[in-house]
Amino acid sequence: MSKIQIVFYSMYGHIHTMAEAVADGVRSVGGCSAELLQVPELISEEVLEKYGAKAARAAFAHIPTATVERLAEADAIIFGTPTRFGNMAAQMRNFLDQTGKLWLSGGLVGKVGSVFASTATQHGGQETTITSFHSTLLHHGMIIVGVPYTEQRLLTMDEISGGSPYGATTLAGGDGSRRPSENELAIARFQGAHVAKITARLTA
């Protein structure tokens, strides 16, 4: 059984919704399991409530918290993060910055790594967030997998949609009111399945 972790940070639920779709894609591939994990929050409960994020986060409060030690158990890790000024969220960066010991031991070398993201706007940094994230995965010796154009939904032109060859993305809107579209969720499911198929071959 190939073990695939989906490690994410979500403030308002957009990335959590995408993570569930990615997990569905993983589980559609025989011999592969999906485990959802969320990185620790850095923002106080008081501030989360002020920003209106506390209620949104309650919907996925049951998902276990990721630990650095747990990452080594996976055959592949698919990371999900919102964009913060063209980069990953601080919560994800903080978590990854604690993986020095794992890097030293080569614990992630040869494992598959993949990334999905969300932005507020159509050109809000979805691609730079993913490609800059790849630097960390390469330092860990991971094998990066994206979303090839065999996923025809990447070519959709009749609606505004996230998604790129670097990974699935969703557009949240400036006020966060837009939820992931079916096209975006389908690309996320494809990414999960694509990673699972490659991981299954590597671990056979």
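Note: Cβ is positioned from N, Cα and C throughout, glycine not excepted.
These features come from Swiss-Prot:
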BINDING   10-15, 83-85, 118-124, HIS139  FMN binding site
BINDING   TYR12  NAD(+) binding site
BINDING   TRP103  substrate binding site
DOMAIN    4-195  domain 'Flavodoxin-like'
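The Cβ of THR83 (FMN binding site) lies under 8 Å from the Cβ of ALA89, ALA117, SER118, THR119, ALA120, GLY124, GLY125, GLN126, THR128, THR129, each on the same chain and at least six residues away in sequence. A count of other CB atoms within 10 A of each Cβ picks out SER118 as the most crowded of the binding-site residues SER10, SER118, THR121. Cβ packing within 10 Å was compared across the binding-site residues TYR12, TRP103, and the lowest neighbour count falls to TRP103.
A C-beta separation below 8 Å, combined with a sequence spacing of at least six in one chain, links GLY13 (FMN binding site) to ALA56, ARG57, ALA59, PHE60. Cα separation, TYR12 (NAD(+) binding site) to THR121 (FMN binding site), rounded: 15 Å.
In the three-state DSSP assignment, the secondary structure recorded for THR83 (FMN binding site) is strand. In the three-state DSSP scheme, SER118 (FMN binding site) is classed as strand.
Taking CA atoms as the reference points, the residue listed as 'substrate binding site' and SER10 (FMN binding site) are 25 Å apart. Secondary structure from DSSP puts TRP103 (substrate binding site) in a helix.
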